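Undergrad: Summarising the annotation, TrEMBL assigns transmembrane segment to A:12-36, A:42-63, A:70-90, A:102-120, A:127-150, A:170-195, A:216-237, A:257-281, A:310-332, A:347-372, A:384-408.
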Amino acid sequence: MRNALRALELDLRLIGMIGALAVIWIGFDILTGGAFLTPRNLWNLSVQAASIAVMATGMVLVIVTRNIDLSVGSILGFTGMIIGVVQTQFLPDLWGFDHPLTWVVAVLVGIAVGGAIGAFQGVLIAFLGVSSFIVSLGGLLVWRGGAWWVTTGQTVAPMDSLFKRLGGGFEGAIGAGPSWMVGIAAALLAIAVLLASRRRRAHYGFPVRPLWAEGVVIALLTAVILGAVLVVNAYPLPAPIVRRMMEAQGLATDGDLPLIAHGFAIPVLIALAVGALVTFLSSRTRFGRYVFAIGGNPEAAELSGINTRWVMVSVFGLMGALCGLSACIATARLNAATNANGTLDELYVIAAAIIGGTSLAGGVGTIHGAMLGALVMQSLQSGMVLLGVDTPMQNIVVGIVLVAAVYIDTIYRRGVK
Amino acid sequence: MNSTASQHTGGRGIPLVEMRDVSIAFGGIKAVDGVSVDLHPGEVVGLLGHNGAGKSTLIKILSGAYPADQGEIRINGELAHIASPRDAKRYGIETIYQTLALADNVDAAANIFLGRERLTRWGTLDDHAMEAEARAVMGRLNPHFRRFKEPVKALSGGQRQSVAIARAIHFNARVLIMDEPTAALGPAETKQVGDLVLQLKKEGIGIFLISHDIHDVFDLADRVHVMKNGKLVGSARVSDVTKDEVLGMIILGKCPPGATPGPGASP
């Protein structure tokens, strides 16, 4: 058994997290009498986790370099207000309402503003030597205050009709056919990457996984991806919406209504794409290698000739840009920009990264772990909502789970050493 | 002041490395005070002194970790500007630090290539090429080493040492600085490092050997520079002095007749 697991080269910690998630899901499903593991709940769960998951990928890199960013929720709030004002006030003045490019400009502005704020904080941390805890604690107050100043506290709504799709909802889902295409493309890409790596290792004469193990890994990956497609395609649009859509196309609505599936939600696809991108950055580029080297031994990184300061600025810039992207998702989902948007998100984002196995001591962490961590947090919350647990109790449970997760992780690490 | 270096180099051509009158102070304390040392191709020069004598600080100036307050560094007779570790590496100066300076959380290949990664034509890390080269260079240093997939934190002291040495010699070093290279090693591994030093010397690499173990240095070095309280006590060919005389230089700062006195020699 142990040998088989070793041949698969699967990360034990990852298996543990998936196991924990399975326990949570099945537990809630039993407690709620089958209301948890439904396509509808899982679909909503994934949409709700998207914004935190996007930011958690960046937080992994921040924590890996032995830093912290407490300002992400406030940066989200501030950039959200900017995004709202840009699409409801500036752009309509320029080219009218519901222009097809409005959402593109809004997203780019959000990413740019977030990135600039993050990079600015990064400069303070890397070049002026102020600790990231303090800079981002200051940022937490400054950008939350800034969010209020953008419109002196007024909520900006509604959002552009195309922009709104970034937040999910029935308009923000891609439907059954495209979901299959995305799923099959992702599975093929994953298989291609696995096989290419295997071929390269064989070419150099390095040890490779036995063929059966390679087959099992590929089968597991494909099953997870296509299973997700089956779930999102099993969640049909509500009947009134289907009726309205058919009426809009001039079709008769007196007979049986067809079942139209949601398919993947756009914010979930954004989060998965961000996860893939940041995973690529962290494992396949010099930037990622330097991030981990700095976390493992800052002095060694410096002595190796790495420009550690610019790496730090880039890490915080990336974190800010991801906050800007999350601001798009959160603002679109709410269909409004409010100065309270993203309040306490910093804690959920940090918790997601930590539950996902990122070590506060630095040097250790994975992107997929943090995204799973975001899913664990959201599963707990949404399960408790289904059970009718009130908000204060939810906070208590999430807090306890965070501490317990880190404790278990500490024991695990001690065992590894 | 410069006479110390020039007397020794007389008739031996231009030194590979020449540090002239180098000083550095930390918060008013002169850690290195007007020190001049030199090194020729294929030569092993020992830097000796007590803890805190300034040896490590001196070589950190050469390896680019600290910028000197005063003095100049010449490589092959030409003035060199070394403001960062990157500059030093450009001049072919590689350092094995006492602390090894390894990133513990990544594997051997990632450490060997840290800051000088091999890239694919798409600009991504070519981990396979790096692992292949790492296997080759480690095979030369430590033939039984197999743990290429594990973070170096999981390796033994000797294996970690091999990784640090591999990183220093893999990029065509001309000058190698070894700061207490055998401090964490057992007798067999110490002998291995000694053999390596002699082999590199044969290849024409100049080696600065920093050690507080005088026996090590006498076994391997051609010359010694002795430091005390940040100053150079003196320089000598190993064949011209005894171990006791060198100990006298280290402890008392007393320069024997076989050595050339420096500014730090006690009267």
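Here the Cβ of each residue, glycine as well, is placed from N, Cα and C on the backbone.
Where the annotation comes from TrEMBL, it is an automatic prediction and has not been curated.
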Undergrad: Would you kindly check A:102-120, A:170-195, A:257-281 and say which stretch has the most C-beta pairs under 8 angstroms to the transmembrane segment (A:42-63)?
TA: A:257-281
Undergrad: Select the range from A:70-90, A:102-120, A:216-237, A:310-332, A:347-372 that forms the most Cβ-Cβ pairs under 8 Å with the transmembrane segment (A:127-150).
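TA: Comparing A:70-90, A:102-120, A:216-237, A:310-332, A:347-372: A:70-90 has the most Cβ pairs near the transmembrane segment (A:127-150).
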Undergrad: Short question: which residues 6 or more past the ends of the transmembrane segment (A:347-372) have a Cβ under 8 Å from it?
TA: 11, 13-14, 17-18, 21, 52-53, 55-57, 59-61, 63-66, 68, 70, 72-73, 271, 275, 278-279, 282, 292, 295-297, 398, 401-402, 405-406, 409, 413
Undergrad: Counting only CB pairs under 8 A, let me know which of A:216-237, A:257-281, A:310-332 has the most with the transmembrane segment (A:70-90).
TA: A:310-332
Undergrad: With pairs 6 or more apart in sequence, are the transmembrane segment (A:384-408) and the transmembrane segment (A:12-36) linked by at least 3 Cβ pairs under 8 Å?
TA: yes
Undergrad: How about the transmembrane segment (A:102-120) with the transmembrane segment (A:257-281) - do they touch, taking at least 3 C-beta pairs under 8 Å (6 or more apart in sequence) as contact?
TA: no
Undergrad: Do we see three or more Cβ pairs under 8 Å linking the transmembrane segment (A:170-195) and the transmembrane segment (A:257-281), pairs being at least 6 apart in sequence?
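TA: These two segments touch.
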Undergrad: The transmembrane segment (A:12-36): which same-chain residues, six or more beyond its ends, come within Cβ distance under 8 Å?
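TA: That would be 5, 355-357, 366, 368-369, 372-373, 375-376, 379-380, 383, 386-387, 412.
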